[in-house]
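**Q** Pulled these features from Swiss-Prot for this protein:
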SIGNAL    1-25  signal peptide
REGION    35-68  region 'Disordered'
COMPBIAS  51-66  compositional bias 'Basic and acidic residues'
CARBOHYD  Asn93  N-linked glycosylation site
DOMAIN    99-140  domain 'Collagen-like'
REGION    107-136  region 'Disordered'
DOMAIN    141-281  domain 'C1q'
Amino acid sequence: MGSCAQGFMLGCCLLLAITWGPILSLVPRVQEEQQEWEETEELPSPLDPVTRPEETREKYSPRQGEDLPTSRCYRCCDPSTPVYQTIPPPQINITILKGEKGDRGDRGLQGKYGKIGSTGPRGHVGPKGQKGSIGAPGNHCKSQYAAFSVGRKKALHSNDYFQPVVFDTEFVNLYKHFNMFTGKFYCYVPGIYFFSLNVHTWNQKETYLHIMKNEEEVVILYAQVSDRSIMQSQSLMMELREEDEVWVRLFKGERENAIFSDEFDTYITFSGYLVKPASEP
């Protein structure tokens, strides 16, 4: 038997001796009191030598099948029933005799999911990652410039229909936004533009033209009939959207009108340029 087991048995014996010692010491005292009480019952009381009438009566005894009475009459000089003190049962403090630590148990089953908690505070900035690979090339951005200046060396007379003024001389045509075959400027960069038109009038004829935006008459260039020809001009600024068209139109022949030019000099010019792109704040 090991030293641990012997120590355990010795501790139990000491604990039982401490707990039951006072109880066992009371047993002889109780037996002596019981014996004295029995002797007093047998001997008559010296204080009352004469027998009382109540004692001569026959004591009550229940008949067969009859229960005992619920109460009984006692004399004041009769000895009372001995009262014994209730002692709690002994208890052993297990913590005094603590054993060795046991083995780790098996892992339990996973519990139910709890309620979703509130969003936590923003975390700290993480370390800088590695440099990524080069991406695919993007599309070319639109040029934020637009400008043109063209001229005409041939005279033009009105007829039964409206006529677009077509130009034959190209001074500036940045990115070819002005179409020399149709005589129209096409807007590729939205924004605010400036345009100007210069013509030479014809003697004894009216001069009647419009600067057009798509199919809308924006401004007129007009000169009355005169004995002498003069240079006449018109200019304006317009806000254009992408795919808008700007061109010059000669009025139809209800009223005879014309513009003058010759092959030696350029009398008719039309110019325009971008002032501010729409993408700029």
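Each residue, glycine too, has its Cβ placed from N, Cα and C.
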**Q** Per DSSP, what is the residue count of the domain 'C1q' (141-281) in each of helix, strand and coil?
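**A** In the domain 'C1q' (141-281), the DSSP-based counts are 3 helix, 77 strand, 61 coil.
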**Q** Which chain-mates of Asn93 (N-linked glycosylation site) that are at least 6 residues away have a CB under 8 A from its CB, listed by sequence?
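**A** Expected: none.
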